[in-house]
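As structure tokens, the structure follows; a few thoughts come after it.
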């Protein structure tokens, strides 16, 4: 027998005579078996309800309830009907008694007086059968659990595979859309350039200029959206919040999409119902949220649609709601509207641009403010409603005068003439800067790499140096650090003009010795502001 103390095997001994029970105990006692003793049928039944019995030795002749009756009751109960029974009888049992015993469920008959080695041998056989049966049951349960786990893993794998396929499909779709969005403004810019080359008409030149400026702005916004999503995903965006009234922020957002709304002949109405309620937000990011929602409403609506923007206060929150009469949202798409690279009606969206990242950006920016956003629609063709909820501010606003940026006129920079060194390895970029600054009245020199710039400064003595970061050989950081070691450049204003605009890039610029860090394509007003500040 190989039972363990923690996994006991129970034998039931039933006889109305104590001496017989002691005799059975003496033969069957083992560290591997627990012997349960009963002197009557009812007592045996109580033990059977408490313990899982591997084998029962039952005396046939007992008062109140004989062995056969006890066996029949055991066979009629689900818990005990499979317990093997060995009947113990005094004298030889005739065939009728044997038949009744086997009919009641006996597996064997033993005659008193019992032969110890026979009794022990039969007990060992049923002990091993019980242990094997229990081991098979354990393995069956383990196999069932493993099968269920494998099935669960298989289902999870299928779901993951399906999600990856969907993500891959969205990625491919996004890349195709990105190519489309890049080619459109580039085509418009190319057309405007060709018009300018083929005519001397001032009207045509002004039109071409407006097209180029507008398309450059579109490209910048496209890149900014992509970078914002990347920064938010990596937790790199830091909000610059202050307590304010949302009305001026909403007005700026409305102004930014006015041209699109007019082009589609939409009717836009704005209703402010929030009274003097204020929120603590980053105004730039909130403007981005509202502008994105208005832009989506305009893009996903047929011409001459109605767009309504309203504000209200409810439950300690300020609600900004944008409702349109556009194409609506199918019920199956509502749950995924804020997922990355998800778009609605592509045929309409393509006409005005869009990468399917706008609503993802909106949701994450709103959540960063402790708010929420939901989309509602009755279905295709029924319009859509987007509701932003922001917690009301709990403090009195402190007016920050330092945030108020003074308007800078071109003349301010033109009046003060400066010596400016432009350093960039991209020929068209450096020549473009040179011509622009020369037209503004400045004395300009150019260099195409760091070594050339270091050779020029000693004789040119620039007031300002506009320098790219990604230069060949010595990069912009290294050049700036060397310039700061020169006596002639101690007071020179060095401005980084780069395609790299992460906070880490700005920190490295400051550490290298740059005074300012501007992002390509250049914000002209920001450059004018820097130049108007003098040396």
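Positions of Cβ are set from backbone N, Cα and C atoms, glycine also.
According to TrEMBL, the feature domain 'Response regulatory' maps to 10-127, 419-535. Residues or ranges marked as 4-aspartylphosphate by TrEMBL: 59, 468. Annotation source TrEMBL lists coiled coil at 129-156. Residues or ranges marked as domain 'Histidine kinase' by TrEMBL: 177-394.
Within the domain 'Response regulatory' (419-535), the DSSP-based counts of helix, strand and coil residues read 54 helix, 24 strand, 39 coil. Residue counts for the domain 'Response regulatory' (10-127) under DSSP, helix first, then strand, then coil, are 52 helix, 32 strand, 34 coil. For the domain 'Response regulatory' (419-535), the model's average pLDDT works out to 89.
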